[in-house]
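Per TrEMBL, the features are as follows:
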| type | residues | note |
| --- | --- | --- |
| COMPBIAS | 1-14 | compositional bias 'Low complexity' |
| REGION | 1-60 | region 'Disordered' |
| COMPBIAS | 28-41 | compositional bias 'Polar residues' |
| COMPBIAS | 42-52 | compositional bias 'Low complexity' |
| TRANSMEM | 152-172 | transmembrane segment |
| DOMAIN | 157-588 | domain 'Major facilitator superfamily (MFS) profile' |
| TRANSMEM | 192-211 | transmembrane segment |
| TRANSMEM | 223-244 | transmembrane segment |
| TRANSMEM | 256-273 | transmembrane segment |
| TRANSMEM | 280-299 | transmembrane segment |
| TRANSMEM | 311-331 | transmembrane segment |
| TRANSMEM | 386-405 | transmembrane segment |
| TRANSMEM | 425-445 | transmembrane segment |
| TRANSMEM | 466-487 | transmembrane segment |
| TRANSMEM | 561-583 | transmembrane segment |
Amino acid sequence: MTDSKSLPSSSSTSEDTNKVEAFVPADKQQNLQDVHNTNGQARSRSSSLARTLSHKSQRSIKTAQEDHEALEKLVSNNPGVDNLITKLESRAGALGPLEDGIDIEQVQTHPDPKSTTHPDDQWGYTIDEETGIRIVQFVPEDPKDPRNWSKAYKWFVTFFLGLICFDVALASAIVTGDIEGPMKTFGVSEEVVILTVTLLVIGFGIGPLVFAPLSEEIGRRWVYVSTLGLAVIFIIPCAVAQNIGTLLVCRFLDGLFFSAPMCLIGGNLAEMWKTEERGVAMSIFSAAPFIGPAMGPLIGGYIGDNVGWRWIYWVLLIFSGVIYIALVILIPETHHQTILKQRAKKLRKLTGDDTYRALSEIKIRSFKKIANETLLRPLILLSEPIVFLITLYMSVIYGLLYMFFFAYPVVYMEGKGWSAGKTGLMFIPIAVGVIFATVIAPFFNTDYNKRAQKFKDRGELPPAELRLIPMMIGCWLVPVGLFAFAWSSYPHVSWAGPCFSGFACGWGFNQLYNPANNYIVDSYQHYAASGLAAKTFLRSMWGAVVPLFTIQMYHRLGYEWASSLLAFISLACCAIPYFFYFFGKRVRARSKYAYSPEAEQRAISGAKDVEKVPSTSSD
């Protein structure tokens, strides 16, 4: 027990103050008194602020509790709500539960003839006769619906999101421009410094498992604002790190927080663009993860050569910081159900009517269900031949990109004695190849639409295997580029051979990436997000591992045979799109998770008054 005698009372404190003032000259005592008064006022303001924040927090919690209780009263023992949820699940998930909270565009409501609209409700929502709820959804030509934004604004948002993705990808590779700097500063081996890439890419794989479902609950914008803000902050300790441990930990955290755009931007684009308009926008998004890493060694190499490795992080901080500020100011929310939840909340506050509810508020997922869909189902889908083999192929491609970060320095810096900056120039053809694939993507999209229309004219859904045609063409480009790189990489041979081989690789990388995603989406439909999450996780883990053995492999096998080994592996993978093009329909027919048009049609006949949004996702 604390001795009360040891605690000074207010009177004793006052006496002590008087004793101190006795030793202070008279002309200084007024200043001392002013200090006492100022401190007292500061303590009073601090106490008042604390009480205000406490009251606001309590009110916020109380309001949330009251809102939840009101919702419980609306949906509990409500046959109309139960019927609505049953229709939603049967229509939007014939083979299982929904990927997202509510994967629909709108439901057909039946207005209660006795209900009226509220004067403060500018959208004119009426009570649904079946559920007794004013279901808040987009109205025709709704300006808040991202699909109704002007074309110019949608393209602005699309390019800006692509720039964010470029920044994230750049962060993974820019540090490879100067590996020797941290080695000398911290006295560690090359393998330890390479962990700055490995740990960041591991973060890329883990983050989406958390941030993707979180964005469905609180919206994409707030996930961007919070995660990218933290990512920018954690660049600072990398720049000023005094030991290798700080650098490695902060690089992992940067990978974790930088991963959000990789898994969310595909959703942003699907929420803005109609299906027939989405092809070009998705190709821009698909190009950014390859252009960023291709430019990273070039930028990082020249910075490291001229001003040192720490400035690589300072430049990344400035670039990422500017993009982050622009994001906060310019980019709005695009997640439909988040926009509608905010509208419903506003209407409840304006009207005092608790029946205003968005669909995602009516159907509430438990934490157990969210965890199952987020963590367990992607692992289950890896047992599916389509998901496993496509993931294996994309992991090889992703690993090749990260291998180049360390193979190029071996060939050019060790073999030809070039500087890091000059070696970085050799990555430009890869970026050009990626851009070329983006430019020709609309032609493949047009070809797909023509082929798909033949099936639609017969009242059939186009088979998922039509998505594989660009892969069947592009798959040969990667081994061709790798063989050219392998046998032109002798130290005495011109730099042009291995340099321009990167064009074929970059072209192939991008031409394989988007069709692979689309094939998984079309094959699994309602499980598409889980299939893509499985692919992203495994791909990132492989991309994180390959830098750890690339240099040793090139030293032991030699420049030519190390690259040839990679070429043979990519050549073997060319069989995958051809196999699924000819046998994919049979594989899907035997799967209990793959999409079945027949089962979907049976579900449609039982729930005709619910319209489904095309479930298109990308990582």
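The backbone N, Cα and C atoms fix where each Cβ goes, glycine too.
Caution: TrEMBL annotation is automatic and unverified by curators.
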Contact check, the transmembrane segment (152-172) vs the transmembrane segment (256-273), 3+ Cβ pairs under 8 Å, seq sep 6+: yes
Proximity of the transmembrane segment (311-331) to the transmembrane segment (223-244), 3+ C-beta pairs under 8 angstroms: yes
Same-chain residue ranges lying at least 6 outside the transmembrane segment (561-583) that approach it to Cβ under 8 Å: 386, 389-390, 392-393, 396-397, 400, 403, 407, 465, 468-469, 471-472, 475-476, 478-479, 482-483, 485-487, 489, 515, 519, 553-554
Beyond the flanks of the transmembrane segment (256-273) by at least 6 residues, Cβ under 8 Å: 146-147, 149, 154, 157-158, 161-162, 164-165, 168, 171, 200, 203-208, 211-212, 215, 220, 223-224, 227-228, 230-231, 234, 281-282, 285, 289, 334-336, 517, 533, 536, 614, 616-619
For the transmembrane segment (466-487), distant same-chain residues with Cβ under 8 A (at least six beyond the ends): 397, 400, 437, 444, 447-448, 451-452, 497-498, 500-505, 507-509, 511-512, 514-516, 518-519, 522, 559-564, 566-568, 570-571, 573-574, 576-578, 580-581, 584
Residues from the same chain, set at least six apart from the ends of the transmembrane segment (223-244), whose C-beta lies under 8 A from its own: 164, 171, 182, 186, 188, 192-193, 207, 211, 214-215, 250-251, 253-254, 257-261, 264, 310-311, 313-314, 316-317, 320-321, 324, 327-328, 331
Within-chain partners of the transmembrane segment (280-299) [C-beta distance under 8 Å, separation at least 6 from its ends]: 154, 158-159, 161-163, 165-177, 262, 265-266, 269, 272-273, 315, 401-402, 405, 408, 420-421, 423-425, 427-428, 430-431, 434-435, 437-438, 441-442, 445, 506, 509-510, 513-514, 517, 618
